[in-house]
Structures are given as structure tokens and as C-alpha cells.
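Novice: I have a structure I would like to understand better, so I am pasting it below and will then ask my questions one at a time.
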Amino acid sequence: VGFKAGVKDYRLTYYTPEYKTKDTDILAAFRMTPQPGVPAEEAGAAVAAESSTGTWTTVWTDGLTSLDRYKGRCYDIEPVAGEENQYIAYVAYPLDLFEEGSVTNLFTSIVGNVFGFKALRALRLEDLRIPPAYSKTFIGPPHGIQVERDKLNKYGRPLLGCTIKPKLGLSAKNYGRAVYECLRGGLDFTKDDENVNSQPFMRWRDRFLFVAEALFKSQAETGEIKGHYLNATAGTCEEMLKRAVFARELGAPIVMHDYLTGGFTANTSLAFYCRDNGLLLHIHRAMHAVIDRQRNHGIHFRVLAKALRMSGGDHIHAGTVVGKLEGEREVTLGFVDLLRDDYIEKDRSRGIYFTQDWVSMPGVLPVASGGIHVWHMPALTEIFGDDSVLQFGGGTLGHPWGNAPGAVANRVALEACVQARNEGRDLAREGNTIIREASK
């Protein structure tokens, strides 16, 4: 008595257009393409149900809880202009559905199951609104932009980096030599590539030792603080932390993690260690395009960027707009603001579906990396501004005179662009002239 078994439409329970969202709700914007014959309201309700309390049939144990309190709600659906049978579904989730301080649990709940749902031809998570009531349960970046500048004693310009190439095959000693030449030439950072971990040709401990020697030698000769992103990513969390501990014992200022392949749990653990022990944390987004490149299915990078800010990282790769990797200018600047700023207004032209208030969570420096070189410097300086890292791999090591002259060229070009900008010159129009004048 009182329990009516059977399958019923999701929209009868989970489509609630009259719902007024709460300040504590986590809000999601999904781009959904229903299968032919599936109404948009049913598809949106299915997304809300399968990413919260629902299953395919009514169950007796529904009567032992309060679905009204815990269910996700599809509260709005809008058609996508210019697309046939495609919609943005807005879903509100009560805060109690999620474990505090766990990006892992957040993603397991919202995107863990629903993407294989057969009522949908395709589904993409476009944006999340993280309320302060939830974001305050995370430590966020280990240090943040201002603390990093204070640690490095570098202000008023973007920071310069370089990924050591070839990414695989160098011995530890030759790797250290390349690091020294780049840092001595004027770069602030050099970087392990994302797949440099601990391979037979270069074990991690040997690399760390030779890189530390290069760091201290270049610091002594230039009088500047230098860093190398020592990749601590490993097969286990225990091994990852062991490598981070060794980096700290050597006196290195920064370590690195591949946060998508390494996982959010490992990343958050490493971020806690870095905060407690004064290490900066550089984040590489290896594997992101598997998740974010398709327009209609997957997760947009702005969501992965928000997740990283909560999980913890001081730098993250964010595309270039001008280099070899894909990225639209306005959309890229949208998630760059989501990484750096405290308060970001809703702006659909930049792909920002919700106003995001990070309250006091530190910001993350966006890293522009991938196919960029010295002639891109004016555009990069204008697009990314001072709070960024501009990273030239082939654009440094590919210089015809060698690594150190490549580093010098990048540093001279950057300082010329910053000075020209500060003097009020138009970098977009005069960029090439500024670079040529600086090279004389």
C-alpha cells in the first residue's frame, strides 16, 4: 500500500520549470542532443535524474528518503541557435549530494554515469556554478598568484618558460645542461614535458639532481630566482609524494603534476603537500582534448579549469589562441578569467553560463604553451596580460644559435613588448616593429 511500482517518465519528477535556484545549489549547463523522438523535457529530466537520485524505475526505498530534498532538478531548457534538436539544459543540484572538499566526488556524481545514457545522442557539460558554500570547503591553489610573485620577486610582466625538447631520450646530464642554458639566458622557468616521469633513459632522481645543479648555477650567475617544473607524476600517490619530498629537500621551488591522467584525488593530495611545504605546483592538462575537444560531447575545458582551481594548482596550461593548439580567443579569455579572478560575471559570448564568485580562493596563473615563438610575443602580451606564463619550447630550443640565445631572444622580446605597452604603444599594430627594434 502506498508504493506504485513501474517505470514512469523522468519529467514527471525531475523537470521542474517553476523551481527557483538557491544560492547554495550547484548549477550545471549541459549541451544535450536527444535521440530522435525523445522530447527535450524528458532528456533534460533524465540528465538531472541519472546524475543525482534517479534510476530507471520507481524503487520502494524512494519512500525512505526525501526526493524533494535531494533530487537534481532540470529547471530550464533553451534551444541552441542554429542547431537542430540541440538544447542547453540547466540542472540544479542540492549541496548535500556532494562530499566536502572532493572534486572526485563532484565529478563522479555529475558526469560519472549520465554520458552513456541511451536517450541522448550526445551530451556536453558546458559550465558549472560552484557556490561559495561549496568552494570554501577546498583549499584551492597551494599559494596563488600574488604569493608566487613574492616568492620569485618578479613583478610587472608575464613569466617566461620553456619545455625541454626533445621531450624523451635525453640523459639526465644533457637534460640538466639544456635547463642551465635556458635559465642562464633569461628564462624564469624550464619544464619537464608531461610524459617525462621516470623512464629507463632518465630516472627521476638523476633528473632532479642534475636539474637542481642547473638551477643553483643559473641563479648564482644571474641573481634571479629560477625554477624548473619537476614532474612528480607517478604510478602511485605514494611515489608521487616521495618525488615531491625529494624536490623540496633539494631546494627546488616548484613541482609539476599531470592532473587529468594522475587524477583529482592525487592532485589534491599533492596540492596539500605543496601548501604545507612551500612548493609551487605547476599543472599540465595532458589528456584534456580527449574530454573537451568535441563540440557536442564531453566536458568543456572551462569546467576542468574550475575543477583544477578547487583541487589545487598554481599554474595550468590554458591554450595560446595564436599557437599550434586549438583555442578561440573570447572563449579562452573566459576561462582564463575563471582561473585568475575572484568574481566573474555571466557572459554567454565568452561561454560563461553562470556568474562565479570564488570569494577568497587564490587564483591560478594561465600558461600559454604550444607552437608559439618570439614573433607571437606582442599578441601574447596583449591577450594574456602580466599574470600569465608564456612558455616557448621549440620557440627557445629551435633558435639557430642554440638554447641560450633562444632564451635571450625571448626575454629581450618580452621586455620590449612590456615596455612598449607601458608607453601606450599599440602592440597589435606595431608588434613586428617593436620586436625588430629590440633585436638590434
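Yeah, the Cβs are placed from backbone N, Cα and C, and that goes for glycine too.
Annotated active site, proton acceptor per Swiss-Prot: LYS165, HIS284, in sequence order. The Mg(2+) binding site annotation in Swiss-Prot covers LYS191, ASP193, GLU194 and is backed by sequence analysis. The N6-carboxylysine annotation in Swiss-Prot covers LYS191 and is backed by sequence analysis. For LYS324, the entry in Swiss-Prot reads site 'Transition state stabilizer'.
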Novice: Around the C-beta of GLU194 (Mg(2+) binding site), how many further C-beta atoms are within 10 angstroms, looking at every protein chain?
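Specialist: There are 21 such Cβ atoms around GLU194 (Mg(2+) binding site).
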Novice: Using DSSP and collapsing to three states, where does GLU194 (Mg(2+) binding site) fall: helix, strand or coil?
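Specialist: Where GLU194 (Mg(2+) binding site) sits, the three-state DSSP reduction gives coil.
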Novice: Which of the three DSSP-derived classes (helix, strand, coil) applies to LYS165 (active site, proton acceptor)?
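Specialist: Assignment for LYS165 (active site, proton acceptor) reads coil.
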Novice: May I have the list of same-chain residues other than LYS191, ASP193, GLU194 whose Cβ is within 8 Å of the Cβ centroid of the recorded Mg(2+) site, in sequence order?
Specialist: THR163, ILE164, LYS167, ASP192, ASN195, VAL196, TYR229, ASN231, MET256, HIS284
Novice: Counting other Cβ atoms within 10 Å of each residue's Cβ, which of the recorded positions LYS165, LYS191, HIS284 comes out lowest?
Specialist: LYS165
Novice: Under 8 Å Cβ to Cβ from ASP193 (Mg(2+) binding site), same chain, six or more residues apart: give me those in sequence order, or none if nothing qualifies.
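Specialist: When sequence neighbours closer than 6 are ignored, ASP193 (Mg(2+) binding site) has THR163, ILE164, LYS165, LYS167, LEU168, ASN231 within Cβ distance under 8 Å.
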Novice: Report, in whole Å, the straight Cα-to-Cα distance of HIS284 (active site, proton acceptor) from GLU194 (Mg(2+) binding site).
Specialist: 7
